[in-house]
Structures are given as C-alpha cells and as structure tokens.
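Colleague: Reproduced below are the annotations present in Swiss-Prot:
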| type | residues | note |
| --- | --- | --- |
| BINDING | Phe18, Ala49, Leu50, Glu51, Cys75, Val76, Ile77, Asn108 | 5-amino-6-(D-ribitylamino)uracil binding site |
| BINDING | Glu80, Thr81, Arg122 | (2S)-2-hydroxy-3-oxobutyl phosphate binding site |
| ACT_SITE | His83 | active site, proton donor |
Amino acid sequence: MTQKLHINPHLLIVEARFYNEISDELLAGAVSVLQKSGVSYDIITVPGALEIPAAIAFAEKDKTVFYDGYVALGCVIRGETYHFEIVADNSCRALMDLTVHQQLAIGNGILTVENEKQAWARAKQGEKNKGDFAAEAALCMIALKKRFGDNR
C-alpha cells in the first residue's frame, strides 16, 4: 500500500552492509517503493546496525539538507555470543528514541533473526521483503506527521 502524499518528501535510506547480499535485497525493496511513490531519496551506508541510529542523528543535525523521513535497513543474525542481543536491542531502542523524542519518521527494516534462512525469507524480492515494508512505514509516518501539523 503506497502512501499518497500531498508533498514531495525527501528521505534518507541508511543501510548497514554487514551482510551484503541480504542488504542488497532490502535496499532494492525500499528503493522500489520509494520510486513508485515518486519521492526523492539519498542512500548512505554504515558498517553495521548499531551505526544506523547515529547516522540518522548526524543527518538530522545537518543544516544543509533536510530529510522528511528515514529508512533503516540491516540484518542482525544470532551467533554464539551475547553480541546479537546487544546489537538487536540497542539499535531498535535507539531508533525508537529518535522516533519518540525527536519525532522523526523512521521505517525500521533491520532484520533480527536466528539464522540466514530466516533472513532470506524476509529479504527476498517478491516475498516478505522488509525493505519495502520499512519504506512504506516511513512514508506512512511522514503522512501522519503532516496530518498532525508538522509543516516543515
């Protein structure tokens, strides 16, 4: 369900490249939705999911470019250590902090899965691609912000 907007929003896709092929699929899904919606977007890459919220915060403070919303894309696969919980929990918490405390429109497409098979099931085009869902969510949140008076 592509959002119909009365404005031409500009979004930033922040993509973690830790799992390159999975990231490619998530990005393709997000880009497809944004292109079909007729909005403009930029893409930046970061090393991993933990860096996504910081990149969004940096972009938000930049006064030379304005983004109406953000799409966070990445993949965290459980390993043998506690690192999975740290990355999954803290990247999600930091995105929620940005959403709630700074009122940013963010679509979260960071996969947090048990194994690579689950990641592919959520990243492949034409299936349950979470990149498209994240882009749709960002567009929806931009529309809600406009509805409730954010006229930037």
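Yeah, the Cβs are placed from backbone N, Cα and C, and that goes for glycine too.
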Colleague: What three-state secondary structure does DSSP assign to Leu50 (5-amino-6-(D-ribitylamino)uracil binding site)?
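Modeller: The three-state answer is helix.
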Colleague: Please report the distance from the Cα of Phe18 (5-amino-6-(D-ribitylamino)uracil binding site) to the Cα of the residue listed as 'active site, proton donor', rounded to the nearest angstrom.
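Modeller: Given the Cα positions, Phe18 (5-amino-6-(D-ribitylamino)uracil binding site) is 14 Å from the residue listed as 'active site, proton donor'.
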Colleague: Please identify, among the recorded positions Glu80, Thr81, His83, Arg122, the one with the smallest Cα-Cα distance to Leu50 (5-amino-6-(D-ribitylamino)uracil binding site).
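Modeller: Checking each of Glu80, Thr81, His83, Arg122 against Leu50 (5-amino-6-(D-ribitylamino)uracil binding site), the shortest Cα distance is to His83.
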Colleague: Ala49 (5-amino-6-(D-ribitylamino)uracil binding site): which of the recorded positions Glu80, Thr81, His83, Arg122 is the nearest Cα neighbour?
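Modeller: Among Glu80, Thr81, His83, Arg122, His83.
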Colleague: With H, G and I counted as helix, E and B as strand and the rest as coil, say where DSSP puts Arg122 ((2S)-2-hydroxy-3-oxobutyl phosphate binding site).
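Modeller: The three-state answer is helix.
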Colleague: Return one of helix, strand or coil for Ile77 (5-amino-6-(D-ribitylamino)uracil binding site), based on DSSP.
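Modeller: SS state of Ile77 (5-amino-6-(D-ribitylamino)uracil binding site) = strand.
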Colleague: In sequence order, which residues at least six apart in the same chain have a CB under 8 Å from the CB of Arg122 ((2S)-2-hydroxy-3-oxobutyl phosphate binding site)?
Modeller: Leu111, Val113, Lys128, Asn129, Lys130
Colleague: Rounding to the nearest whole angstrom, report the longest C-alpha distance spanning Glu80, Thr81, Arg122, listed for (2S)-2-hydroxy-3-oxobutyl phosphate.
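Modeller: It comes out at 23 Å between the most distant Cα atoms.
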Colleague: Have a look around Asn108 (5-amino-6-(D-ribitylamino)uracil binding site) and count the other CB atoms within 10 A of its CB, chains all included.
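Modeller: There are 22 of them.
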Colleague: According to DSSP, which of helix, strand or coil covers Phe18 (5-amino-6-(D-ribitylamino)uracil binding site)?
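Modeller: Coil, per DSSP.
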